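Everything below concerns the one structure shown next.
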Amino acid sequence: MSVGGVATCRPKRGYYKDPVTGKTTRIDICNPADRKFAHMSREQPCDDPRAMCQHDFLDPQKYTCTCPIGFKASTTTYPSETTCSSRKCDSPALNTCHHMCETDDVDETGGDHNTYVRGYKCRCGEPYVPVGDTCVLKAGKQCVKCSGIQNCYCDNDGNPNCAQGFEWTEVNNDKKCKMPDTLGTYCLGCKLDAPDATGRRYCLCDAPYVTTADKTACVLQGVCGRGGVGRIDCDLKRALCVLTEPTSVTDHPYECECPDGTIRAEASKVCQPVCMYKNRNLACDRINADCDPNIAY
């Protein structure tokens, strides 16, 4: 643009001028600080603070808001309006409560913001008092019938109860509070592994899927799944990670394929929009024509 006959440079779409360094920098659409510098209408990319911003695969100026494990995403027209509803009380594997779990989907003024962020609150049955997420018997109270039984607590009359998400079983006088198989519906394949030291059961995943670090979900084995070597490699090339035929059980080959409408640049190996490749759009501009990515050149 020209100001008083002097040409000045204006940042392209997707860039902003850093007020400190004066350099023109690409906007990270998911970074609130970048959005503020660029004077975008929304400083936060996602309305729900529990949602996670993820860049669009092809267009760095577009994004989606997704929900973390243990939350269900609503469907909206605009990505920024995605809301996350907690499902953390659906299974003991998704929460740390000692007795009872209560969903917390309202960020109340004056309330505990931390329980809202994690999606649940813990409650204790009588005659217990809360200490963090655990429950401790009140002074002078006893719970004889739960002695040696995990995830069990007594009511005011001393009768045993299982913690939320566990069921009472008794076989040949062997009393237990066990997680039923039906609580594995949030897992891919709906299968749970054997109980751990706390009595909790986590997702059991079939190859080529593996459990996440917290064992609450199944993800594609570290190749084309999020964080996998193939996914990272192909993301840098703006390409799709596609698994190819393995030659052994330990072999996990992949290829980076350019999405429709893009072509791989010879030098950088990065997928570019067809019409931007080798300045094809400029060639069309010279003859007052529009570049059609669906026609071979």
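From the backbone N, Cα and C atoms, a Cβ is placed for every residue, glycine too.
Predicted automatically and left uncurated, TrEMBL annotations should be read as such.
Just so it is clear, the model here is predicted, and its values are computed rather than measured.
Listed in TrEMBL for this protein:
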type	residues	note
DOMAIN	45-85	domain 'EGF-like'
DOMAIN	88-136	domain 'EGF-like'
DOMAIN	176-219	domain 'EGF-like'
DOMAIN	223-272	domain 'EGF-like'
DSSP-assigned states of the domain 'EGF-like' (176-219) in counts, ordered helix, strand, coil
4 helix, 10 strand, 30 coil
When pLDDT is averaged across the domain 'EGF-like' (176-219), the result is 85
